[in-house]
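According to Swiss-Prot, the features are:
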type	residues	note
ACT_SITE	K11	active site
ACT_SITE	D137	active site
BINDING	P95, V96, G97, A98, G99, L100, G101, G102, G103, S104, S105	ATP binding site
Amino acid sequence: MKKLQLLAPAKVNYRLDVLGKRPDGYHELRMIMQRVDLCDEIEIALSDSPGIRVTCGRKGVPDGPGNIAWRAADALLKLSDKEVGIEITIAKKIPVGAGLGGGSSDAATVLMGVNELLELGLTDERLMEIGVKLGADVPFFVFKKPALAEGIGDRLTALEEVPSLWVVLVNPGIHVSTAWVYQNLRLTTPDPATIIPRSYSSLNEVCELLSNDLEPVTCGRFPLVSELKEVLLTAGARGSLMSGSGSTVFGLFESESAARHAAAEIAKARGWFAAAVRTI
């Protein structure tokens, strides 16, 4: 039977504004999102045996319907008239519960892969409509471009220009519940009319953008996250920010050599996950 081997990239948020709480319980967001080349490796294969099977082998990542990738495959299998099974194998490279969108990226990659394998012919726009029902970040990974994300993250506008940057990701191994962060968020009164540029020509302009309304909540419970920012800045980052709801913090560097050196030194000195990656 046919199979595909695909990469599911992580993301960072250069900016995350929480504008308010919606009647449906979700929060109104405004984010600048960027993919990076730290990727989970996903194999999707059709099978003669009915059903969906997900194998991951990473502690804390479920193999059955509790896995968002399983639910993505199920959503598309229901649209097909083919009597086949789907086998998904995920090699996790992206830290789990880390604010890097690994689960959402896996789901988006499965949507795109199963769409191809089952020859459904669904457009990216249709896959994004299906994806947002699985998770708010899923449409971004189908979109495949640096984007301004609004609403719950499902209204996407491509950035006109954004520089290719070297980024160091640092994760201390702390699992942060996104739901917990939003439940403990104290809303301020940001101005929804604030203009967020759609074009960034330099590292300096991206650094000026860095802001995350969720950071005080996560740092309040896990002060180590604040320490990570200082560690990155001391290591030469031009700017540093927590990604998503944490606990990963990223630093923006001027060159590949500076990023790789910083990642190696941080991993050696602290024992944390540290990786030099490129924006894509």
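Just so it is clear, glycine is given a Cβ too, placed from its N, Cα and C backbone atoms.
Here the binding-site residues are G101, G103, and the one ringed by the most other CB atoms within 10 angstroms is G101.
A distance of 16 Å separates the Cα atom of P95 (ATP binding site) from that of D137 (active site). If you take the Cα of G99 (ATP binding site) and the Cα of D137 (active site), they are about 11 angstrom apart, rounded to a whole number.
Secondary structure at K11 (active site), taken from DSSP and collapsed to helix, strand or coil, is strand. Within 10 Å of D137 (active site), judged by CA to CA distance, lie the following binding-site residues from the set G97, G101, G103, S105: G101, G103, S105. Sequence-distant neighbours of K11 (active site) (same chain, 6+ apart, CB under 8 A from its CB) are M33, Q34, R35, V36, L100, G101, S105, D137, F140, F141, S243, G244. Annotated ATP site P95, V96, G97, A98, G99, L100, G101, G102, G103, S104, S105; additional same-chain residues within 8 Å of its Cβ mean position, judged by their own Cβ, are A10, I94, G244. By a simple count of nearby Cβ atoms, those within 10 Å, the most crowded of the binding-site residues P95, G97, G99 is G99. Secondary structure at G101 (ATP binding site), taken from DSSP and collapsed to helix, strand or coil, is coil. Classification of D137 (active site) by DSSP places it in coil, neither helical nor stranded.
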